[in-house]
Amino acid sequence: MRVGVLGVQGSVKEHMDKLKLIKGIEAVEAKDKDTLLTLDALIIPGGESTAIGKILVDFGLKDAILKLNERKVPIWGTCAGMILMAKHIVNDERRHLGIMDITVRRNAYGSQINSFKTRLIIPAISENEIEAVFIRAPYIESVGDGVRILAKYEGKIVAAQQDNLLATAFHPELTDDLSFYRYFLRLNS
């Protein structure tokens, strides 16, 4: 299975390193539309959503990602990637990809200094607690009818799935746990 990490900004290397630990996965750093269109799954990493959103448009990557979504290729957005996938962003008129029926609040847990780690119980992902790293993290304020809530932290939605789309407010790539990767890769079957 050919799994790409959008290679324009953010935690690209960390996602690539995790994918390389999983048997049968060809990890690809996807920096152009031609590479994107060859993928069986795509991860949109954390970083700075405004900068990544601009790059998506300026380099024609947005259209390629929209084509992947039309083909129901699994797409997973972590932190900024989740913001890019959202149909609605609170207090922000921009809509980057707009492919997932969620409304997100950017930097909902505060600034960089307010970043934190916690442990979450997410039965759909693992029977064990999962470490979750939140860095200037967003959260999901509301979801549409077809969206499955996977995890909450202090009453706020921090992970969700809609068909082939997965979104996490936190960074599984910054932990030693591969549970979210295995769950995401099963969306392709």
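Backbone N, Cα and C atoms are what each Cβ position is placed from, and that goes for glycine too.
Under the heading L-glutamine binding site, Swiss-Prot lists G47, E48, S49, R106, I135, R136, citing sequence analysis as support. Contacts of R106 (L-glutamine binding site) defined by a Cβ separation under 8 A and a same-chain sequence distance of 6+ are given as S49, I83, I89, V90, N91, D92, P138, in order along the sequence.
Sequence-distant neighbours of C79 (active site, nucleophile) (same chain, 6+ residues apart, CB-CB distance under 8 A): P45, G46, G47, I135, R136, A137, P138, T168, A169, F170, H171. The active site, nucleophile annotation in Swiss-Prot covers C79 and is backed by sequence analysis.
The active site, charge relay system annotation in Swiss-Prot covers H171 (among others). A coil conformation is recorded for H171 (active site, charge relay system) in the three-state DSSP classification, outside any helix or strand.
For E173 (active site, charge relay system), the same-chain residues that are 6 or more apart in sequence and have a Cβ closer than 8 Å to its Cβ are S11, E14, H15, D17, K18, P45, G46, T78. Sequence annotations record features per position, and here Swiss-Prot assigns active site, charge relay system to E173 (among others) based on sequence analysis.
A simple Cβ count within 10 Å picks out one of the recorded positions R136, H171 as the most packed, and that one is H171.
Taking the mean position of the Cβ atoms of G47, E48, S49, R106, I135, R136 as the L-glutamine site, the remaining residues of that chain whose Cβ falls within 8 Å of it are G10, G46, C79, A80, I83, N107, P138. Between the listed binding-site residues, namely G47, E48, the fewest other CB atoms within 10 angstroms of a CB are found at E48.
Residues G47, E48, S49, R106, I135, R136 are listed as the L-glutamine binders, and the farthest two of them sit 13 Å apart at their Cα atoms.
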